[in-house]
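Student: The following feature annotations were taken from TrEMBL:
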- Lys13: active site (ACT_SITE)
- 70-128: domain 'GHMP kinase N-terminal' (DOMAIN)
- Pro92, Ala93, Ala94, Ala95, Gly96, Ile97, Gly98, Gly99, Gly100, Ser101, Ser102: ATP binding site (BINDING)
- Asp129: active site (ACT_SITE)
- 202-264: domain 'GHMP kinase C-terminal' (DOMAIN)
Amino acid sequence: MSKMVIDGFAPAKINLSLHVTGQRADGYHLLDSLVVFADVGDRLRVRPAPDARLTVTGPMAVGVPGGPDNLVLRAAALMGITAEISLDKHLPAAAGIGGGSSDAAACLRALSELRGQPVPNDVLALGADVPVCLLARAARMRGIGEDVVPVAGLPTLDAVLVNPGVPVSTPAIFHRLTQRENPAMPAQMPEWPDAAALIDWLRAQRNDLQDAAITLEPVVADVLHAISATQHCALARMSGSGATCFGLYPDTATATRAAQALVAAHPGWWVQATRLS
Ligand SMILES: C[C@@](CO)(OP(=O)(O)O)[C@H](O)COP(=O)(O)OP(=O)(O)OC[C@H]1O[C@@H](n2ccc(N)nc2=O)[C@H](O)[C@@H]1O
Ligand SMILES: Nc1ncnc2c1ncn2[C@@H]1O[C@H](COP(=O)(O)OP(=O)(O)O)[C@@H](O)[C@H]1O
């Protein structure tokens with residue numbers, strides 16, 4: 001018998017690098033980004049039903065749309081399916097870690113499996129991050145987000161994610177950019193023998209939205225300083241259009257200790273030790 005309900009996981013998306021390489025005539029920006037996924041994320045339960053219904057719960061539910069604007073209901077509508085969806089929010093919204101896009105992708109995967117129906121080709125209409133979130137593993141993302149190529153053999157990274165609780169509007173950050181044509185990543189991605197080699201390589205890459213985000217929300221600079229000041233931090237950078245930043249560490253023990261220190265110093269911030277792959 002076919003399944004009636006599916007539980008899905010929507011992992012946080014992290015842009016280890018985010019190069020803005022140009023702008024299209026329609027205003028969208030061309031990107032070159034190394035994207036990975038965390039082991040923290042939202043959870044959802046999806047069940048096809050005669051009427052669409054959404055329940056949003058969890059520690060990060062406040063402010064997340066509960067109606068048809070929610071990306072999970074927009075994803076179901078795109079597939080032409082009505083569904084009852086419970087969404088358990090653990091990721092901060094408008095945070096540069098693709099919570100809404102990852103929720104939409106998890107919903108598309110679940111409905112596709114439940115109904116034996118392929119995911120439509122036009123998912124970009126839900127958000128530029130949805131194609132990479134459908135893959136949900138390490139990838140190079142180019143174009144405006146539609147060109148997604150898996151990156152094999154990427155070493156797993158031990159990390160801490162930190163969000164200061166300030167929502168950031170993605171269009172507002174792109175709008176503030178002063179330099180829209182920046183170098184891409186190298187045409188050929190290297191092979192990294194281990195996490196230390198990957199971190200070394202990442203130091204020469206950038207997030208071209210970081211300065212604009214700091215101008216709009218100076219607390220992003222405080223987050224980056226706080227992460228950089230933790231013991232054994234090898235690299236601190238912002239993800240997406242912010243305000244979430246990540247720190248990279250040599251191993252799980254140092255990442256866990258850094259997360260504990262950040263929680264103690266900034267009890268109001270969202271802090272998560274995680275592994276990225
Ligand atoms: C910046 C990135 C990097 O991964 O992440 P987030 O900060 O959202 O997590 C994404 O490109 C965001 O993806 P997403 O949040 O799905 O974007 P969308 O809803 O499609 O677009 C929101 C707005 O951002 C701008 N935008 C988005 C993507 C892009 N390549 N160029 C743009 O200029 C446009 O102004 C657009 O109207
Ligand atoms: N399931 C969802 N979770 C979070 N935000 C959502 C969701 N559906 C729609 N949204 C809207 O999308 C906006 C962007 O949220 P999100 O995808 O979390 O951020 P970002 O694009 O910075 O990664 C939010 O401000 C919210 O209004």
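Each residue, glycine too, has its Cβ placed from N, Cα and C.
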Student: According to DSSP, how is the domain 'GHMP kinase N-terminal' (70-128) divided among helix, strand and coil residues?
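Tutor: Within the domain 'GHMP kinase N-terminal' (70-128) the tally stands at 29 helix, 6 strand, 24 coil.
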Student: Fill in the CA-CA distance, Pro92 (ATP binding site) to Lys13 (active site), as an integer in Å.
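Tutor: About 12 Å separate the Cα atoms of these two residues.
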Student: Using a 6 Å cut-off on Cβ distance, which of the recorded positions Lys13, Pro92, Ala94, Gly96, Gly98, Gly100 come close to any atom of ligand 2?
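Tutor: The recorded positions passing the 6 Å Cβ test are Ala94, Gly96, Gly98, Gly100.
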Student: Restricting to the same chain and to sequence separations of six or more, state which residues have a Cβ under 8 Å from that of Gly100 (ATP binding site).
Tutor: Asn70, Leu71, Ala93, Gly127
Student: For Ser102 (ATP binding site), write down the residues of its own chain that are at least 6 apart in sequence and whose Cβ falls under 8 Å from its Cβ; none is a fine answer.
Tutor: Ala10, Pro11, Ala12, Lys13, Gly41, Asp42, Leu91, Asp129, Cys133, Ala136
Student: Applying the rule Cβ within 8 Å of the centroid of the Cβ atoms of Pro92, Ala93, Ala94, Ala95, Gly96, Ile97, Gly98, Gly99, Gly100, Ser101, Ser102, what extra residues of the same chain belong around the ATP site?
Tutor: Ala12, Lys13, Leu91, Gly240, Thr244
Student: Count, for each of the binding-site residues Pro92, Gly96, the other C-beta atoms lying within 10 angstroms of its own C-beta, and report the residue with the smallest count.
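Tutor: Ranked by other Cβ atoms within 10 Å, the binding-site residues Pro92, Gly96 bottom out at Pro92.
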Student: Do you know the DSSP helix, strand and coil residue counts for the domain 'GHMP kinase C-terminal' (202-264)?
Tutor: 32 helix, 10 strand, 21 coil
Student: Which number gives the other C-beta atoms within 10 angstroms of the C-beta of Lys13 (active site), all protein chains shown included?
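Tutor: Its Cβ has 27 other Cβ atoms within 10 Å.
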Student: Please name the residue among the recorded positions Ala94, Gly98, Asp129 whose C-beta has the most neighbouring C-beta atoms within 10 angstroms.
Tutor: Gly98
